[in-house]
């Protein structure tokens, strides 16, 4: 058993998932003297430690094997388990991405320890890693801990923290000893990058967001026009993910994306906590709602009481 | 094909916090099938329509969960199993998955276990992968397309963070599905009627091959220390004029300052 705080470094192709770098910075801030260790599994042609070391972990443990180009969840969990169980770190953080949320529980089951999903904050209180996550319902947050098992595992929501480079850090790079075991009965046939992945709502500087009160074709078309004119993107609250035009990728809030635009315009969004938890890092917030008591106005810098369409028509007219 | 769909009942409406235990109080709150689990049930019924076989719903929770199981039966599942006992109470994802895995072993000869992508209350999505590990079978999470290729081979399209993956699996396997996969069918009156003739079996820890240290609160490594309503960072809002074009003009000029 050791007292280190480990961060899993996810690769998307050969690129490091930004959330992993955010978590290295966060880990350095909360570690209270514990070593911060980045855990990386890559194929022989990838050299992600060059990127990772700029963010100043104390150590990078690298698992090298050509199967890591396209591993299954089970294969990745098995390889990580060999290295994690040989060290039993104090804490182990994963990005709450698709890969993190798939591999971390499988690894947890092998380790028989606790795992908290989709945390918005993590910090130490003595030896306990306090894991803060929102839960459904009446504005509820939970603090979860794992007192008797190690490592204390959590997945942490993307874009909740900033990644900061560290100059002149002394980073030790260690090659892990493990054996890659191919998983029977399952094969990753292909993996194709999504071309539009650069246009991610989480990274957009301007977001025009649609809620239940804006779920009609005319408003959606106007919102798209306004977003295009502003150089922004259209996002939605959860009810609109039922509209075939939108998917989970454009969803804002709990179980969707945390966004941090400079300008956010909410249209017909009532402001349930499942939504507002995803916009806490937004800069200027403008909200349009026909209900002057809508909770969204409490987290807004500017409020307009009226219909989304009249506001959008004026906006589209006015933007040069 | 013998398909088990794991479902969870989630609260509808307000949830309270127990001041003593700090647990969420779900009693007295109306419950419904977790919406994502309806996509899993739909996927199971579609596979049964292609390949034949049966669809069994599985849940863990108090007897009040039977109403959600009946809803799933009314969609077209064949039978349901509820794992219900005080001994299962206070379970986190690890203990829940362990118990579900024991239920799946008892059902026996299961080819495919389907989950919704995550629950809308706890939002973890962890139980599917843990069940897969406990049963030592492959998993495919976040499926957005499932094709039956042979009587026991599935090709699944899976949307990753910045890639689309195609995965081929020989059953048995665990698959969790995205809402984009399908449109869950409505319960028709005939199916609602026949759902009351379908069997709902209840098993407790005595019916399952379990290590009692792995179930309920004892088998749960995580502890809820505190549940609270977060301080909302309220902002000082500026009310814009009621006339839309005046509102926009004022807004744009202030944003540009």
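Cβ coordinates are placed from backbone N, Cα and C, and glycine is handled just like the others.
Values in this document were obtained by computation on a predicted structure and should not be read as measured data.
What TrEMBL records for A:5-188 is domain 'Electron transfer flavoprotein alpha/beta-subunit N-terminal'. Marked as FAD binding site by TrEMBL: A:212, A:237, A:238, A:251, A:252, A:253, A:254, A:255, A:289.
Distribution of TrEMBL features across the structure.
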residue	record	Cβ neighbours (10 Å)
A:212	FAD binding site	14
A:238	FAD binding site	20
A:252	FAD binding site	29
A:254	FAD binding site	23
A:289	FAD binding site	27
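Those binding-site residues from A:212, A:252, A:254, A:289 lying by chain B, with Cβ under 8 Å from one of its Cβ atoms, are A:254.
For the binding site of FAD, formed by A:212, A:237, A:238, A:251, A:252, A:253, A:254, A:255, A:289 according to the record, the largest Cα to Cα distance is 23 Å, rounded to a whole number.
DSSP assigns residue A:289 (FAD binding site) to a strand.
Taken residue by residue with DSSP, residue A:254 (FAD binding site) is part of neither helix nor strand, so it is coil. Taken as a whole, the domain 'Electron transfer flavoprotein alpha/beta-subunit N-terminal' (A:5-188) shows an average pLDDT of 95 in this prediction.
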